[in-house]
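> Here TrEMBL flags 1-20 as signal peptide. The domain 'Neurotransmitter-gated ion-channel ligand-binding' annotation in TrEMBL covers 77-277. According to TrEMBL, the transmembrane segment annotation covers 300-323, 335-353, 365-387, 478-495. As annotated by TrEMBL, domain 'Neurotransmitter-gated ion-channel transmembrane' applies to 307-419.
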């Protein structure tokens with residue numbers, strides 16, 4: 001009897017539950033959804049894994065990768081004063097630096113500068129930025145977070161202009177590790193000064209430096225160093241320049257000393273950023289300075305084609321006048337003037353692309369010596385023409401003093417005929433050429449009043465006088481080329 005009562009109560013309960021879930025009139029039937037809790041799902045997954053023998057273990061989520069949590073809250077930026085350097089009041093914070101040189105864009109001798117594009121990376125540790133991470137993974141941010149934390153205040157010494165690339169966004173990257181280590185990287189293009197010694201131009205080798213230094217912090221507050229020594233500087237193998245051959249890159253580290261003016265700069269910056277006056281303007285300061293040194297050797301082939309070969313050809317062209325007849329004035333004078341003007345044009349063109357330095361360059365020596373050779377060839381013809389004129393005047397005077405020889409025979413005296421045409425033109429007596437040099441003979445009558453020798457008063461004696469009027473041209477054909485060749489040997493021995 002008791003058993004029947006229990007079964008009846010259970011049946012009534014089931015009927016009540018079915019009535020409760022029965023839809024009202026006019027209401028559309030909806031499929032029943034079986035909602036399972038997370039606990040039931042985890043149990044079901046565990047049961048399924050155990051059933052099929054799987055060894056998958058579910059990983060706990062990393063808080064650094066969870067959406068919805070702000071980086072400022074994770075790094076607790078609002079809990080610290082990032083206008084102060086890490087470990088303020090303690091030892092200097094070490095900041096490691098490495099550089100990846102992307103390109104050398106331009107080297108200018110006129111402006112004495114160079115342009116370089118590089119990736120500049122800083123490494124330091126700031127415990128204020130440490131956070132908890134189950135997987136020890138870092139967090140990477142763009143340039144917006146850089147303005148909210150402390151970063152080293154690096155600048156390029158002797159730079160004329162520089163900028164950080166901003167296409168398509170600011171080329172700045174900040175990476176923070178759980179233990180507080182920070183990597184700060186940016187892409188920069190710098191135009192910096194390079195003091196060049198052009199005394200050996202264009203056979204010169206130049207050494208330029210890009211200097212990196214902290215603007216506000218002395219070595220007591222910030223210790224700047226190359227992270228991995230000379231291996232901290234990496235270059236792209238495709239870097240090349242049109243006028244220079246890059247021989248080597250290397251790094252150095254030095255301490256730069258600033259007097260009271262330099263220290264005042266640091267104190268002012270520190271006072272503005274911290275509102276604290278902790279240093280004296282009269283005390284000196286030492287700053288860590290990093291150097292990126294690179295050596296450039298100039299390519300000479302361009303200047304050989306554009307400067308040295310044309311100058312040499314002009315000098316050789318001026319020697320042609322030594323083989324032209326001295327009476328051909330319209331041929332020799334324009335040739336000399338043309339070579340002089342061409343050398344002046346070459347010198348002007350070279351100096352137009354060079355800075356106005358106060359010392360003599362190697363190319364100036366070569367061009368001006370070549371100019372002197374060309375100018376001397378013009379002076380040589382002026383000397384030949386002048387001496388030839390003097391000689392013709394002397395010949396004319398001697399011919400005027402010569403008595404008439406009509407019907408007179410002087411055996412052995414005249415070996416060639418003498419005509420009026422020779423007198424008016426060249427004064428030659430038809431003498432042949434000897435060794436390629438034409439010799440002119442002047443017949444001079446020497447009247448000697450020497451009674452003691454001949455015993456006859458008024459006796460006349462005749463003598464042949466040989467004068468070489470082509471001597472200057474003959475010697476110039478040898479002296480000019482020989483001197484210029486000797487100059488080239490000495491020049492290229494010294495400067496090559």
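Cβ atoms here come from the backbone N, Cα and C positions, even for glycine.
Note: TrEMBL annotation is automatic and uncurated.
From a predicted model like this one, the values you see are computed outputs, not experimental measurements.
Could you tell me the structural context for the features on the list?
Within its own chain, the transmembrane segment (335-353) has Cβ neighbours under 8 Å at 109-110, 307, 310-311, 314-315, 317-318, 320-321, 324, 363-364, 367-368, 370-371, 374-375, 377-378, 381, counting only residues six or more beyond its boundaries.
Away from its own ends, the transmembrane segment (365-387) comes close to residues 307-308, 311-312, 314-315, 318-319, 321-322, 326, 329, 332-333, 336-337, 339-340, 343-344, 346-347, 350, 469, 472-473, 476, 480, 483-484, 487, 491 of its chain (Cβ-Cβ under 8 Å, at least six residues beyond either end).
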> In the same chain, who gets a Cβ under 8 Å from the transmembrane segment (300-323) while lying at least 6 residues past its ends?
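Hits for the transmembrane segment (300-323): 202-203, 243, 331-332, 335-336, 339, 342-343, 346, 350, 363, 366-367, 370, 373-374, 377-378, 380-381, 473, 476-477, 480-481, 484.
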> Checking distant contacts: for the transmembrane segment (478-495), what same-chain residues at least six beyond its ends satisfy Cβ-Cβ under 8 A?
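Cβ under 8 Å, 6 or more out: 200, 203, 315, 319, 322, 362, 365-366, 369-370, 373, 376-377, 380.
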> Over the span of the domain 'Neurotransmitter-gated ion-channel ligand-binding' (77-277), how high is the average pLDDT in this prediction?
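Here the mean pLDDT over the domain 'Neurotransmitter-gated ion-channel ligand-binding' (77-277) amounts to 86.
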> With DSSP helix as H/G/I and strand as E/B, how many residues of the domain 'Neurotransmitter-gated ion-channel transmembrane' (307-419) fall in helix, strand and coil?
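With helix first, then strand, then coil, the domain 'Neurotransmitter-gated ion-channel transmembrane' (307-419) has 81 helix, 0 strand, 32 coil.
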